[in-house]
Each structure stands twice: as structure tokens, then as C-alpha cells.
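A short worksheet on the structure shown next.
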Amino acid sequence: MSLFALGLNHKSAPVNIREQIVFAPDAVTAALQHLRAHTTAREAAILSTCNRTELYVRMDDRAPEMLGEWLARYHRLDPEWLRDYLYLHEGAGAVRHLMRVSAGLDSLVLGEPQILGQAKIAYQGAIDAGTMGRVLDRLFQHAFSVAKQVRTDTGIGANPVSVAFAAVTLARQIFDDFQNRTALLIGAGETIELVARHLREQGLKNLIVANRNLERARQLVELEGGEAIPLSEIPTRLPEADVLVASTASPLPILGKGTVERAVRKRRHRPMFMLDLAVPRDIEPEAGNLDDVYLYTVDDLREVIAENRRSREEAAHQAEEIVQRQVDQFLSWRRAQQAVASICDFRERGHAHARELLQRANRRLRCGEPPERVLAWLSHTLTNRLLHAPTVGLREAAEAGDRERIELARTLLQIENANEDTRESVDKEQTGTTQGAARGDQRSTG
């Protein structure tokens with residue numbers, strides 16, 4: 001069984017591809033159970049955000065191609081078409097990838113803290129679905145520890161440039177100031193809350209928040225000021241908006257081209273800045289073809305964010321060192337767990353031989369055979385049983401000239417160097433014991 005991380009993100013696939021591979025929060029449990037039922041996955045978790053969709057799986061190491069095919073078919077897509085956008089990490093690579101993701105080192109905004117919360121949601125989702133096992137549990141706990149240590153021990157979180165801040169920076173390319181502007185924010189999650197805060201800090205006075213859950217919108221405007229409205233009122237209030245930012249979890253667009261076109265006419269073609277941070281998108285892409293509409297997606301924030309990444313390169317280097325240490329620690333634990341399983345199997349095989357031979361020895365004693373002879377037979381036969389496999393392995397290694405395997409066996413079996421006389425003595429003793437035991441065996445069976 002190996003660990004795999006398969007997925008696509010903002011670097012491997014544009015938004016029009018990513019939005020087709022999103023798992024809605026209420027669909028994760030069913031998806032994980034379907035994944036385990038239709039592949040060789042033993043443990044699984046799904047991390048799905050606007051910038052990435054990833055599967056973390058412990059499964060048969062001969063079948064990782066199952067994951068890409070399952071992901072495509074689950075979303076009713078062609079596996080061959082999707083393959084060009086996917087990446088696959090195995091073993092240590094999968095461990096390192098989750099740790100880097102959780103620490104914000106693989107994010108669009110380097111060091112952004114939101115991804116850690118999203119990773120914790122993925123972890124809880126696997127627990128709820130019953131697909132979180134001992135190995136993945138340990139891996140996620142290590143990843144959370146890495147994220148905390150990176151933020152504590154490096155400067156990667158200092159003066160952060162969030163997606164929300166980058167959104168407001170992009171809007172300033174259209175409007176010099178926000179004092180006399182109106183912003184319509186669709187959604188009421190953490191990103192929208194941060195956008196509202198940054199807009200207020202830039203002097204925006206008129207703020208409208210639309211959300212499916214009106215109470216949540218009201219809670220947000222209580223913090224930042226403004227007016228809360230239901231989604232149904234968006235078409236009538238849209239003409240007021242100079243700035244529109246959308247970030248919901250809706251599976252279908254909330255704003256169509258026709259609605260935007262009518263709003264632009266009512267605005268008498270005053271420019272409208274629109275930023276769609278959602279994946280799948282909240283605004284029909286065709287709306288961007290309208291005159292006076294400046295429509296951007298989350299992928300358009302790259303240049304704004306690039307400066308942030310350059311300023312944090314030293315902190316990122318320190319963070320990568322922390323990640324590598326934690327990767328080594330996890331892999332050490334993993335190897336120890338695999339050794340424990342081998343030790344248990346090895347000891348159980350020895351006990352099974354002992355139980356079988358003890359039963360046979362008792363039968364011989366009941367038949368009146370001298371105890372000394374039975375004990376000699378038991379000792380010899382049990383020794384042969386236990387040493388047969390190592391002996392065959394050593395002989396094969398010797399015939400192949402594999403000195404490394406021979407030395408490893410000597411270390412594992414704690415074999416001291418013996419001179420030739422000792423070896424000959426041991427050989428003679430074993431030969432005599434073998435012959436005596438064989439004669440006893442023949443008499444007992446006869």
C-alpha cells in the first residue's frame with residue numbers, strides 16, 4: 001500500500017477546467033465512499049477549493065492510474081482529456097505535497113492561511129465519510145503541525161497579500177478611488193468579508209452584500225457596515241454597482257450576460273469592475289465581452305500576487321526546510337509501522353510452528369516415547385523450521401554474489417564471526433542430531 005496525491009490546481013489548469021472538477025461540500029461524503037467502492041483505495045480524503053481539487057489516497061501501489069480515471073468519470077469527463085491537467089505524487093512526494101499545501105507554499109498567494117482551514121475541512125470530511133485511516137490521519141496531523149510551525153518560525157505570514165487584497169488592488173486599476181463608489185459583494189464567506197474590510201480601508205462608503213443566507217449577510221454588514229440583500233434582489237441593485245466581487249459555492253452561475261447587459265444600459269455605460277473569485281464561476285464568462293464591463297477571474301490576480309511571492313522567497317526557503325524535516329519524520333514513522341507489521345507476521349509464523357510441533361510432541365509422549373528423544377526431536381525440528389527461510393535466503397544470496405544481502409542478514413540475525421573449526425563442529429553436531437531425530441521419527445511413526 002502506498003500514498004498518492006492526485007489533482008489539479010491553479011498552476012496546472014485554468015479556471016474553466018478547474019470549475020468542472022469541484023466537489024461541493026455536501027457532496028464530499030458520497031464521493032469518498034464512491035471512490036473507495038470503485039477503486040483499491042483503503043483510505044481517502046478530498047481537498048477541493050477554488051484553486052485546487054486533490055485526492056489524497058492510500059491504495060494498491062500498482063493502480064494509481066485508477067485515481068485519474070475515477071476523478072474524470074465521476075465528473076462525467078473524458079479521462080484522456082483530463083490527464084493533461086493532472087499531477088500525481090507518490091510516497092514521499094505525496095507526503096511533501098500535502099505538507100506544502102497546508103503551509104501555503106503551493107498557494108496562489110504564498111503563505112496564505114486560509115488553505116490550512118480548508119485542509120482541516122478535508123480531514124473532517126474523510127472522518128465523516130469513514131475513509132480516514134491510521135496512515136492518512138497521521139499524515140494530516142503532521143501537515144497541520146508543519147503549517148503551524150511555518151507560520152510561527154518564518155516570516156511567511158508577515159504583511160500578507162491575500163486574494164481579497166489582490167482583488168481590491170486590481171479594482172484600483174479601474175477606479176482611482178472608492179469614496180464615491182458602490183460595491184456589491186455576492187457571498188458572505190471569509191474571502192468576501194476580507195474584501196469588504198479592504199474596500200472600507202480604501203474609503204468605500206456604499207456597500208451591498210447579497211447572499212443566499214440573508215442572516216449571514218446581515219452579520220457581515222454589522223461588522224463592516226452596508227446593506228444586506230437576498231440573491232433575488234441582485235438584478236434590481238446591480239446597476240448601482242461600480243465594483244462587484246462574487247465568491248459563492250453555487251454550482252451554477254448567479255449572474256448571466258443578459259442581466260449584466262441590462263445593468264450596463266441603466267448605468268449609461270459607466271465602467272463596471274467585476275471579479276469572479278468562485279470556482280465554478282458565479283458570472284457567465286460571456287459578460288466580459290460587453291463594453292464597459294471589466295470582468296476578471298481568480299486567475300487574473302497572478303501578477304498582483306507575484307510581487308508578494310518575490311518578497312517572501314527567503315521565508316519560503318526556511319519553510320521548505322521545515323517541510324523536509326517533517327517529511328523525514330513522517331516517513332520514519334511509516335517505515336517503523338511497516339516493520340511492526342513484518343515483525344508481527346514473523347513472530348506469528350514462529351508461534352504457529354511451535355504450536356503444531358508441541359501437539360505432535362505430546363502425541364509422541366502419550367505413545368510412550370522417551371521424553372529425552374521427544375525433546376531432542378522437538379528442538380531440532382523447531383530449529384529447522386525457524387531457520388529454513390533465512391538459510392535458503394543466505395544460500396541464494398551467496399550463489400548470486402550478493403555480499404550486501406549477506407551482511408544485512410548477519411546483522412539482522414546477530415551472527416558472530418566464527419572460525420572454520422567452529423563451523424565444522426556445528427555441522428557435525430547438526431548432522432548427528434538430524435540422524436538421531438530421524439531414527440526417532442521413524443520409530444514413532446512405525
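Quick reminder: no glycine exception, Cβ is built from N, Cα and C everywhere.
Annotated in Swiss-Prot:
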- T49, C50, N51, R52, S107, E112, P113, Q114, Q118: substrate binding site (BINDING)
- C50: active site, nucleophile (ACT_SITE)
- H97: site 'Important for activity' (SITE)
- G187, A188, G189, E190, T191, I192: NADP(+) binding site (BINDING)
- 417-446: region 'Disordered' (REGION)
- 420-430: compositional bias 'Basic and acidic residues' (COMPBIAS)
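A map of Swiss-Prot features onto the structure.
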residue	record	Cβ neighbours (10 Å)
C50	active site, nucleophile	24
N51	substrate binding site	25
H97	site 'Important for activity'	26
S107	substrate binding site	23
P113	substrate binding site	17
Q118	substrate binding site	17
G187	NADP(+) binding site	28
A188	NADP(+) binding site	25
E190	NADP(+) binding site	15
I192	NADP(+) binding site	26
Neighbour tally for T191 (NADP(+) binding site), based on other Cβ positions within 10 Å of its Cβ: 21
Inter-residue Cα distance where the pair is H97 (site 'Important for activity') and E190 (NADP(+) binding site), in Å: 25
Under 8 Å by Cβ from G189 (NADP(+) binding site), same chain, sequence gap 6 or more: S247, T248
Assigned conformation of the residue listed as 'active site, nucleophile' - DSSP reduced to three states: coil
Candidate recorded positions C50, H97, S107, pick with smallest Cα gap to G187 (NADP(+) binding site): C50
DSSP three-state assignment (helix, strand or coil) for Q118 (substrate binding site): helix
Coarse DSSP state, helix versus strand versus coil, of I192 (NADP(+) binding site): helix
Non-site residues, in chain order, whose CB comes within 8 A of the mean position of the CB atoms of G187, A188, G189, E190, T191, I192 at NADP(+): L185, E193, L194, V195, L220, S247, T248
